[in-house]
Amino acid sequence: MAKHERGLRFQPTGGSKAPQIPTGKKQRLSIERLANDGRGIAFFEGKTWFVLGALAGEEVEARVLGAHGKVVEARTERVFSASELRRPAPCQHAGRCGGCSVQHLPHNEQLALKQRMLAEQLSRVAGAEPEEWAAPLTGPEFGYRRRARIAVRWDSKAKKLEVGFRAAGSQDIVAISECPVLVQPLQPIMTRLPEMLRRLSKPQALGHVELFSGSSLAVLLRHMAPLSEADLTILKDFCAFHEAQLWLHGEGEPQPVDDAQSLGYHLEQWDLQLAYRPGDFIQVNAGVNEAMVAQALEWLKPTADERVLDLFCGLGNFALPLAKAAREVVAVEGVQTMVDRAAANAASNNLHNTKFFQADLSQPLTDAEWIGNGFSAVLLDPPRDGAFEVVRKLAALGAKRLVYVSCNPATLARDTVELIKQGYRLKRAGILDMFPQTAHVEAMALFEASQDGSSDPTGRP
């Protein structure tokens with residue numbers, strides 16, 4: 001599934017170069033502890049090894065994926081002495097597929113790893129600890145993913161079409177017969193997809209496939225050459241059998257074969273329907289997404305006489321539920337097409353107390369028209385880069401309460417430093433288990449303005 005293992009950035013150190021370890025070499029290692037990304041850490045012959053699929057205290061044989069300087073990245077090939085925490089991998093493709101990098105850890109241990117990662121970032125970078133730790137926000141550990149991207153590639157030497165997910169540490173494609181983290185309605189589509197694609201007349205012109213599950217099922221095919229009528233019939237019949245929409249992505253933007261069809265998802269607690277298109281960002285975990293929105297509103301506590309600001313609003317995932325509680329919601333997003341989509345979603349849900357604006361939120365906030373007389377509360381849901389320029393000006397907007405939803409604890413911790421400088425205190429924080437079986441951490445933090453306007457480096461009043 002989705003890959004969350006990130007490559008390391010190396011800097012030249014000068015001096016004589018140590019001989020590099022060749023890719024593919026196998027080495028027996030003793031794993032001392034876990035890194036924040038879930039990989040095992042070992043030390044051998046002056047080098048630090050980061051080993052996928054290994055746990056603290058284990059003896060493993062690892063295969064080198066890449067090396068530079070004193071850092072080696074590797075993957076577990078064999079476990080000689082297993083940790084008592086290790087469980088059998090729930091997926092038959094474990095160790096080959098590049099997704100689900102911590103599925104060998106029980107779910108409660110995965111949560112502990114993510115909690116530790118968030119706490120360490122806040123402590124190390126911001127010197128802060130929340131006054132209260134919220135319980136992890138969780139859902140089912142399997143069958144949660146409502147969107148998936150399937151790699152498709154023509155092997156000209158073998159004269160065959162490869163269909164599956166990217167392998168761990170390489171661009172190879174691993175054939176996948178089933179994926180335990182996909183929602184159940186997508187499983188039969190996933191299983192039968194390779195056979196259908198191999199029936200098409202120009203397999204070398206096929207790109208990736210995306211699967212969607214929401215208010216309806218959908219299959220999107222990226223193709224680099226026009227499809228024949230026979231191929232189009234095969235695709236239509238496949239989607240009709242699975243009761244799924246068919247979307248095609250040739251030149252230009254993806255389009256449904258049936259113009260009347262659209263993609264969307266429902267937020268049941270607020271009876272809201274949000275439409276989106278392929279390429280738009282949505283949270284892949286529907287259950288945790290709805291619980292996240294509910295928790296954000298519970299923490300922010302918007303009232304019927306308050307003006308609330310939603311930054312990085314996307315499709316309106318937070319803005320529309322906020323509009324059910326607040327007097328007015330001003331929502332800002334960097335991409336104009338998403339602004340238009342959010343405004344259309346508000347209109348289709350008969351919400352008229354929302355205003356949507358486009359602004360580059362990576363730049364310092366200026367006297368934008370949407371600021372007006374300020375806001376009682378602010379919600380932020382930035383991308384991985386965080387919201388540094390935005391948080392530098394939030395105190396000037398008069399907000400007493402801030403909820404920060406983060407997909408990167410490192411930038412959340414960095415931005416926490418700035419918020420504390422402005423007189424906010426870190427009231428509450430917790431993890432959101434949006435991606436079970438991976439080490440990817442989502443988090444939510446509540447900041448409140450100190451009554452006397454003073455700040456404390458610990459985040460406490």
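Using N, Cα and C of the backbone, Cβ positions are placed for all residues, glycine too.
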Per Swiss-Prot, F312, N317, E333, D360, D381 bind S-adenosyl-L-methionine; matching candidate in Q283, Q295:
Q283
Using Cβ atoms only, which residues of the same chain lie under 8 Å from E333 (S-adenosyl-L-methionine binding site) while being at least 6 residues apart in sequence?
F312, C313, G314, V339, A342, F356, F357, Q358, A359, L361
If I take the alpha carbons of D360 (S-adenosyl-L-methionine binding site) and C407 (active site, nucleophile), what is the distance between them in whole Å?
19
Which of D360, D381 (the binding-site residues) has the most other Cβ atoms within 10 Å?
D381
Do me a favour and check the Cα-Cα span between Q283 (S-adenosyl-L-methionine binding site) and C407 (active site, nucleophile); whole Å is fine.
11
Based on the record's binding annotation for S-adenosyl-L-methionine (Q283, F312, N317, E333, D360, D381), what whole-number value in Å is the widest Cα to Cα distance?
22
Cα-to-Cα gap, C407 (active site, nucleophile) vs N317 (S-adenosyl-L-methionine binding site), nearest whole Å:
15
